[in-house]
Amino acid sequence: TTHKGNVTTFFFLGLNNMAIYNLLLFTLVLIIYIVTICGNFLIIMLVYYSKTLHSPMYFFLSQLCLSDIMLTTDIAPNMLNIVLHGRTSISFSEFCGPNYIDFLYCDLNPLMKLSCSDTSRIQMEATLLCFPVLVLPFLLIVVSYTYIVVTLLKISSFSGRLKSFSTCSSHLIVVFLFYGTLIATYLIPKEGQSRTTSKIMSLLYTVFTPFVNPFIYSLRNKDIKEIVSKFILKTKANYSKPLIK
C-alpha cells in the first residue's frame, strides 16, 4: 500500500519459495517454541525455589534462560504467523519502492534494502557494532574455554577428562552455532548468499539456540538433575497416597 509515493505497508514473504514445507515448518517451530519456553521456565523456577542452587553460577544460568525466553518470544510468534498464512503485513511509514520483505521477521538487513535513502552509514555502524557486541564476547569465550581445556588436560583420570571434554564440547558447539551465525549474518558480506540460506541461519540463532540452551547448560547439570528427580519422586508419592474418606 502506498500513499504519495511512500510505502505504508510491508508484506513478509517468509518461505514463499518453499510453500510446500510451510505446515511442516510451522509445526516444528511451534514445538521448539513450546519446549523452549517450558524448559527455560523450569530452570528459572528450580533456581528460584531450590536453596541448593542459590549460587552465582545458577543465577547467571537463570538470566540466560530469561534472555532466551525474551529472544524467542520476540521472534517466534510472528514467525509462526508468517509461515502459517504464507504472507502477513505490518504498517510502517519513512520508506518507498518494494513493499515486501523477503524474510521471516523484520530484521535489519532486509529492512535496509527497502529504504529510499542512503543506508551506507547505518550499515557501517552495524558492522562496527558487531565487534564489541559479537566478536569481542566470542573471543573472550574462546579464550576462557582454552584455559578450561588446558586445565582439563591436567586431570589424571581418563574418564574424568572424557566427561569434562564432553561437557565443554557441547557448550562450544552452541557458542559457535550462536555467534557463528550472527557474525555470518551481520558482519560477513552478503554477496552470493542466497535468501534461503539467510533465513535458515536466522532460525539457528533466534529459535534453535534458545531451544537447546536449557539442555546443554542446565538440564545436564548434576545438581539440577537431582532436584528434578526429587521433584518427580515427590509428585509421584503425593499422587500415590490413598484418599482419606
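Using the three backbone atoms N, Cα and C, a Cβ is placed for every residue, glycine included.
According to TrEMBL:
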DOMAIN    39-96  domain 'G-protein coupled receptors family 1 profile'
DOMAIN    106-217  domain 'G-protein coupled receptors family 1 profile'
TRANSMEM  20-49  transmembrane segment
TRANSMEM  128-150  transmembrane segment
TRANSMEM  170-188  transmembrane segment
TRANSMEM  200-219  transmembrane segment
Remote residues contacting the transmembrane segment (20-49) - C-beta distance under 8 A, at least 6 residues beyond either end: 14, 58-59, 61-62, 65-66, 68-69, 72-73, 76-77, 79-80, 83-84, 86, 203, 207-208, 210-211, 213-215, 218-219, 224, 227-228
Three-state composition of the domain 'G-protein coupled receptors family 1 profile' (39-96), taking helix and strand from DSSP: 44 helix, 8 strand, 6 coil
Within the domain 'G-protein coupled receptors family 1 profile' (106-217), residues counted as helix, strand or coil by DSSP: 90 helix, 0 strand, 22 coil
